[in-house]
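Annotation source TrEMBL lists domain 'EF-hand' at 10-45. Marked as domain 'Calponin-homology (CH)' by TrEMBL: 114-230, 258-369, 388-497, 509-617.
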Ligand SMILES: *[C@@H]1O[C@H](CO)[C@@H](O)[C@H](O)[C@H]1NC(C)=O
Ligand SMILES: *[C@@H]1O[C@H](CO)[C@@H](O)[C@H](O)[C@H]1NC(C)=O
Ligand SMILES: *[C@@H]1O[C@H](CO)[C@@H](O)[C@H](O)[C@H]1NC(C)=O
Ligand SMILES: *[C@@H]1O[C@H](CO)[C@@H](O)[C@H](O)[C@H]1NC(C)=O
C-alpha cells in the first residue's frame, strides 16, 4: 500500500479555488453535505455511493469540514480511486497565466508559464543561497510573485549573469546598500548590458520592464541567462570526453557543429543505448513516461569506481508503477538522491514541457556526464580549438541582436550566410530576400545553395555596404576561413557601432578620428590625460576608459579602489574588469572583454570608446 504523493502547490491552488466556490459565505467551513459539490468543483469525480459513504463517515465526527479537512480527504483519495481523474483534472490546465496589458505599445496579452516561474525560483534560491548580497530577497516563495519583485533592484540578475559566465560582472560595481531609484537604475543597466554581452537577446526589454516586474519579459530573460550557464560546458573544447559521442563514419568536425541541444540528446541516447533501451528523439513527448529518465539516471549515477565519490544505487522499482504521474514522482525521488532534482515537477515530466526538461537534462549532464575520453589513436586532438575571445565577442554580439538561428559555433552556423543577411539589415543594407536560398536545403545540392548565399553576401558587402573585402569570396565564408570571415564580421560590427553614433549625431559621418577627438575633448575638459589613438599603450591600464566614464558621469569612478601607476598584469586586469562593468553600469552596451583593454586590441578598444561616446551623446 503506497502512500499518496503529497499535494503539490499547484493542486492545492485548484482545491482552494474549488473550496471557495462552495464556501459562499466565506467562513472557511462548508456543510458536510456539500462534499459532493466541492469534489465536483475540483473536477474530482467519484461514484455517488462512495461520496455518500464519506459523508456518513464525516457526520460521525464532530470535526468541521474546513479547507484542511478537505485537502486531507483529497490526499486520502489521491492514492486510491481518484488518482486518474485527479491527474486529468490538473493536467487539463496548461499552467499558462495570462497577464493583461503588460505591453503598453501593443496592448496585447502576454502569457507566462507558472511552472517556469516555479522552476527558476527554485534554481535561483539554490544558486544564490549563500550569497550575503541576496539575503534581502532570498529565498523567494515559488508560489507567489516574489520573483518579479525580487528582480526589481537588479542584484539577483547581476549575480545570475555572473554565475552563468564567470567574471562578467565586477562585484565592486553593483550598488547594494541604501538603494535609490537612481542606483537601482544603474544596477539594471549593468544587468541588461552584461546580459547582452554574454549573448542574451535583450533588444525588446528595458530597465523599466525589470523594475515593474513584467512577468513574461523577466522570465524570458532569466531563461536565456540560465540556459547560457547550463550550456557553457556542453562543448567539445570544454569537455573532450564528448568525443565518446562520435558515431561511426563521422568526423570530429561534424560533432563540433552540433548545437548544445543536439549534443545533449546524443548524450542521453548514448547512455540509453548502453543500457540497452530505445532511443528518444526529444525531451518532450519521448520522456513523458519517465522510463528514459530512469535509465539515464541509472547509467550516470556514480558507481564507486572514482575515488572520493561514493556509489549511489538508483532504485528502479518505480518503473513498475502504472501511473505516469506517480512514476514521474518516484523517478524524481531518485534524481533527488543524485542531487539533480531541478527544474521539473512530476507534472512537467508528464506534460513533456520541452524547456524545463531540457534544463533538467542539461543540469544532469553537468553533474554526471559519465563519459570517458576514448583512447582512440585516430583522433587529432589539436584540431579541437576553443573559440578565441574575438570570436566569442562577435558571436555574443550577433546573438544579442536576436539573429535566427542562434549562433553556437561561429563558422559552422553562418556557412549559409543567413545570419549575415540579418546583420546587413541591422546596418541598413537592404537584402533582396528573393535571392536568398532558405532552409531546408535539398540534400544533394545543400552546399551549393549555401554557397550561392555566401556569394550574394560578399556581393552585398562590396557593392552596397562598401566594405573592404579584397580577396574574399563566398567560398571563404562557406568553408569557414577564419581570417576572412572575421574580416567581414568585424566590418559589420564596426559599421553597426558607427551607425549608432551617426544616428545620434544627426547623420554626420563618423570615423575613428571623430571618436578619438570627442574622447580627448571630454578628457581634456575633465583635466585628464588624452589618448593618441586606439593603440595608445596607456589604455592597458584602463585609466583613459575610467577617466572618460568619470567625465561622462562625474563621481562615478571610485579611484580609491584602483591602482593607477606601476601596475602589474594582474592589477591591469583588475582595473579593466572594473572599467568594463562601469561602462555598462552607466549605460554603454559594451561587448569587449577586460583582456581586450589590457592587451590594447585596437578594434575592441574602438568599440569601447564608441559605445561610451554614444552614451555621452545621449546624456
Ligand atoms: C563574478 O564571478 C567571479 C568569478 O567567479 C567572482 O570572483 C566575482 O565575485 C563575481 N561577481 C559577482 C558580482 O558576483
Ligand atoms: C518527439 O519524438 C516523437 C517520436 O519519438 C514524436 O512522435 C514527437 O512528435 C516528438 N515531439 C516533439 C515535440 O518534437
Ligand atoms: C584563408 O584565406 C587566406 C587568404 O586567402 C589564406 O591565406 C588562408 O590559407 C586561408 N585559410 C584556410 C584555412 O584556408
Ligand atoms: C563629457 O561628455 C558628457 C556627455 O556629452 C558631458 O555631459 C560632460 O559634461 C563632458 N565632460 C566634460 C568634462 O566636458
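Cβ from N, Cα, C; glycine included.
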Touch test for the domain 'Calponin-homology (CH)' (509-617) and the domain 'EF-hand' (10-45), at least 3 Cβ pairs under 8 Å: no
The domain 'Calponin-homology (CH)' (114-230) - residue tally per DSSP class, helix then strand then coil: 76 helix, 0 strand, 41 coil
Criterion met for the domain 'Calponin-homology (CH)' (388-497) and the domain 'Calponin-homology (CH)' (114-230) (at least three Cβ pairs under 8 Å): yes
Within the domain 'Calponin-homology (CH)' (388-497), residues counted as helix, strand or coil by DSSP: 67 helix, 0 strand, 43 coil
